[in-house]
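Per TrEMBL, the features are:
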{"type": "COMPBIAS", "residues": "1-12", "note": "compositional bias 'Polar residues'"}
{"type": "DOMAIN", "residues": "685-803", "note": "domain 'SLC12A transporter C-terminal'"}
{"type": "DOMAIN", "residues": "817-895", "note": "domain 'SLC12A transporter C-terminal'"}
{"type": "DOMAIN", "residues": "1020-1087", "note": "domain 'SLC12A transporter C-terminal'"}
{"type": "REGION", "residues": "1-34", "note": "region 'Disordered'"}
{"type": "REGION", "residues": "70-91", "note": "region 'Disordered'"}
{"type": "TRANSMEM", "residues": "173-194", "note": "transmembrane segment"}
{"type": "TRANSMEM", "residues": "227-246", "note": "transmembrane segment"}
{"type": "TRANSMEM", "residues": "253-271", "note": "transmembrane segment"}
{"type": "TRANSMEM", "residues": "392-412", "note": "transmembrane segment"}
{"type": "TRANSMEM", "residues": "432-458", "note": "transmembrane segment"}
{"type": "TRANSMEM", "residues": "478-496", "note": "transmembrane segment"}
{"type": "TRANSMEM", "residues": "532-550", "note": "transmembrane segment"}
{"type": "TRANSMEM", "residues": "556-577", "note": "transmembrane segment"}
{"type": "TRANSMEM", "residues": "589-606", "note": "transmembrane segment"}
Amino acid sequence: MLPRSLISSSGTRGHGNHKEDSPFLSSPDSDGKRNDFYDRNLALFEEELDIRPKVSSLLSRLVSYTSITQGAKEHEEEESAETSRRKTPKSPNMGTLMGVYLPCLQNIFGVILFLRLTWIVGMAGIIQSLLIVIMCCSCTMLTAISMSAIATNGVVPAGGAYFMISRSLGPEFGGAVGLCFYLGTTFASAMYILGAIEIFLKYLVPQAAIFHSTDPLGNDSTLLNNMRVYGSICLSLMAVVVFVGVKYVNKLASLFLACVIISIVSIYAGAVKSMTHPPEFPICMLGNRTLVRDRFDVCAKTVVRGNVTEPSQLWDRFCLPGNLSTAQCDDYFIQNNVTEIQGIPGLGSGVIRDNMWSDYLQKGEILEKAGLQSVEAHSPVENFLNYVSADIATSFTLLVGIFFPSATGIMAGSNRSGDLRDAQKSIPVGTILAITTTSLVYLSSVVLFGSCIEGVVLRDKFGDAVHKNLVVGTLSWPSPWVIVIGSFFSTVGAGLQSLTGAPRLLQAIAKDNIIPFLRVFGHGKTNGEPTWALLLTGLIAELGILIASLDMVAPILSMFFLMCYLFVNLACAVQTLLRTPNWRPRFKYYHWTLSFLGMSMCLALMFISSWYYAIVAMGIAGMIYKYIEYQGAEKEWGDGIRGLSLSAARYALLRLEAGPPHTKNWRPQLLVLLKLDEDLHVKYPRLLTFASQLKAGKGLTIVGSAIQGNFLDSYGEMQAAEQAIKNMMEIERVKGFCQVVVATKVREGVVHLIQSCGLGGMKHNTVVMGWPYGWRQSEDPRAWKTFINTVRCTTAAHLALMVPKNVSFYPSNHERFTDGNIDVWWIVHDGGMLMLLPFLLKQHKVWKKCKMRIFTVAQMDDNSIQMKKDLATFLYQLRIEAEVEVVEMHDSDISAYTYERTLMMEQRSQMLRQMRLSTTERQREVGCTRLGFTSYQTKDLHNRVTVLQAQLVKDRHSLVRMGSLYSDEEEEPVEVPPQKVQMTWTREKHEAEKRNPSGPFNASRLFFLPLARDQSNVRRMHTAVKLNEVIVNRSHDARLVLLNMPGPPRNTDGDENYMEFLEVLTEGLERVLLVRGGGREVITIYS
């Protein structure tokens, strides 16, 4: 991908109108070089050179591009805005050694190696210690392989791990893991400061302690309080140094690294020297218990001064001072001998056999050496202070969490990619070499410590048995002070580096603007230094300082680093498996199985070291993820999660293609047909409200509309319509897709939507459309004709159909029905849709309190009592709770009202047909002349037509015009075939016609049709009238009435009559949902 600073943003896409990267470079100077556009060899492209530049100009700008260095102004927008007035940056010239290898070494080696590794070996033994080191280092090595692949797949600006993860897995994962990495780095600074203070108070200046314990058992709390005070002071001083100038920190980095290397070399030198001349660090033992060596001078019970045997200082610790009487002595002290053993036996002593296996202790348990004779006896509690004891309970999982921070720091090279001469070569080589080096150092150190140092000394965390010396310092050569001073400066340097890097990471996250409440931390000093981010980092680090225990802070930052490494591996695995075209890393020695193995190890280490910390860290990351998802700004970074979603969708669609869903899995997948007004606003948003209440976010919802026009001319209008519909979908909380088509006729556009919406198995099975309100009053028949045509199309496509009538009276999502009924009138069985829809509606809070009633119709020859029992049994098997009623409809004669409604319907149809034949007055006069009408007859016909028009206008104004989906089509000619006018004859008229066959034709005959020459209209009207009477009688107060929708007639001549039947059927009902099944069963009694 081209660098964003070179890319112009154009166009809008999706709901958020967020910018999409154009694949072409902007040409700000194109106006001044118009002659380039008329290159003789590029004449074919001259009209597009403003958006499609020549290759030469593209390459010239790419050569002048330099990636952003760490600590500089990192954001692409700022860089592109200041490109013209910024000086050419100094070209990066750092190689693999100085740019990656040594910074990684400095970040990986740290406080744990000097303060805790000997203690880990003593507790876990050599075997389990090697296992801990191998697990942690393997995890970081696998992560480094994945990171190398990502880092060499393009330029990695400042932000390091955050940039890699966010651009690979999207802003949600990137923000969540970026903040976890930031918290890990911040707590790392606290850990390093605590390590430095521990060295300062324990080994450098013990007398500097402020708090002293008066309680013999309160030493731990006083130590923690001293750590808190000095740690806070040290953190403040370090923050001031970072604030004043980062350049001083970077200049001192090489000095701190030299301290680390000298300290490690002194350890190896001391181990080699111990083969022949082991250092003298005797350990005083009472029985098999280890004694605190600085509490007495001589390791003996008595001393001889001038031929006089006197009690030693050790005797005074366990007995009454100044008295050799054993009456008031500790029983254990009397019954066990005092011996002295060598603390550093040396490399060739064979002590490795004793240190091979673990020896975990509980808190307060005394360090004992196996093999020494000991007589168990009672010992007072106050005398336990004379023994070296464990300060915390230990286990394998605890030690894993404490050691893992010593394997972190592998991102140092990727964070400096802008300073490297060849980042895509240096990052993999330098990082992997650094991890290999540190792993070998850790593994060899474990073996050397176990081979040279006595077990009780290894388990002595603070060196109480060796005169308060740092345990690893006792092995070093030429002096323990080399390790003490070197480790102190190295931990201080590591703390400064963490305090320097963490604010910049937070600033990079804030400048991406994906987490709104962090925007303030993107600002800083005029030179780009993150002042506010540094302040927040200091406050969070202070929380770690207040914990005050190195052993408790280490597992916390282990969680955050492991979370970060887990997602680096996931990012590499996802990109590799998806095989996205942009995934072309120069580092070739990676595989998705290695990434998955690294990801699994990270997850396992998280739960091994501390399952509750792991849950907390994952919870924090999950909350940040959801916050960014719902509140953060939308970003399109071409991330792998989007590609993963596409691959998963493709796989699922291919699986769904196998066949239609089982009845148990059937749910209405909606295609909602909307009408837009002249301003492209949704005319009936309650259709969307109804869809959201029915779906409740489940299944597929497609919202479609048709625009009349030409696609080439109406493309912008189509995009505006899509945006308007999407906005309304968001307001009405409809989760679904939008599709707008442009067609020469709206009717054709609706048919296209019904045929083509959806993809594969994810196609709609139900169509929802509005009722054509005002069709009676409209002189234009296209409204109801398009409606009936849509009904026929859904039937032909075997789709279910729902027509909400009076949809403006339907409840909004904010209303609540506290009572009332949903009445289902089950007249014919149509696949079970009528049973399923109320159940789905009742899942929504609007309809939840409504009760369901099911009515069915019994004829004269039906057993209504048995029908009710059978229906109740059927509903019980369907697990649907509803009241059941059977309505008996007795055969009755067709009423005069039915005949009157039928006659009115047919007269209206005939008159409208005649009106459509007479488009102008002149055509009517010509038509009358041809028929042989007199002027009086012509005037009479004109008057009748005028009266009919006035009646239609009156009806139109008497009803609120609500419009429909189908009323804005273009004019189309009405072709009415010549028909034989069938008149209603009486015997007298027949005789008169015979007597005067050439008499004038009476125009009034046109308006008197036969009284239902086809009795089917009368029968249908009779059914509609009778059903309407029964439904209104029983369900006039229902919240919603669901009703079988009869199908349109096979003969299209009766379409207008069909609309009248539906009007009569639903007359007097406030909310009606006409339902028509798709020809398959949608509900089953089986589980």
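Yeah, the Cβs are placed from backbone N, Cα and C, and that goes for glycine too.
Note that this is a predicted model, so its numbers are computed, not measured.
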(request) Could you tell me what the rest of the chain brings near the transmembrane segment (227-246), counting residues at least six beyond its ends with Cβ under 8 Å? (result) 71, 189-190, 193-194, 196-198, 200-201, 208, 210-211, 492, 495-496, 499-500, 503, 529, 531, 534, 538, 541-542, 545-546, 548-549
(message) I'm checking region-level scores; what's the whole-number mean pLDDT for the domain 'SLC12A transporter C-terminal' (1020-1087)?
(response) 82
(request) For the transmembrane segment (253-271), find every same-chain residue at least 6 residues outside the stretch whose CB is under 8 Å from a CB in it, and list them. (result) 102-103, 105-106, 109, 113-114, 279, 347, 441, 444-445, 448, 451-452, 472, 475-478, 482-483, 485-487, 489-490, 492-494, 496-497
(message) For the transmembrane segment (478-496), give me same-chain residues lying six or more residues beyond its boundaries with a C-beta closer than 8 angstroms to one of its C-beta atoms, as numbers and ranges.
(response) 106-107, 109-111, 114-115, 188-189, 192-193, 195-196, 199-200, 203-204, 234, 238, 241-242, 249, 252-253, 255-257, 259-260, 262-263, 266-267, 269, 469-470, 472
(request) With DSSP as the reference, give the number of residues of the domain 'SLC12A transporter C-terminal' (685-803) in helix, strand and coil. (result) 57 helix, 24 strand, 38 coil
(message) Please determine whether the transmembrane segment (532-550) and the transmembrane segment (589-606) are in contact (criterion: at least three Cβ-Cβ distances under 8 Å, sequence separation 6 or more).
(response) no
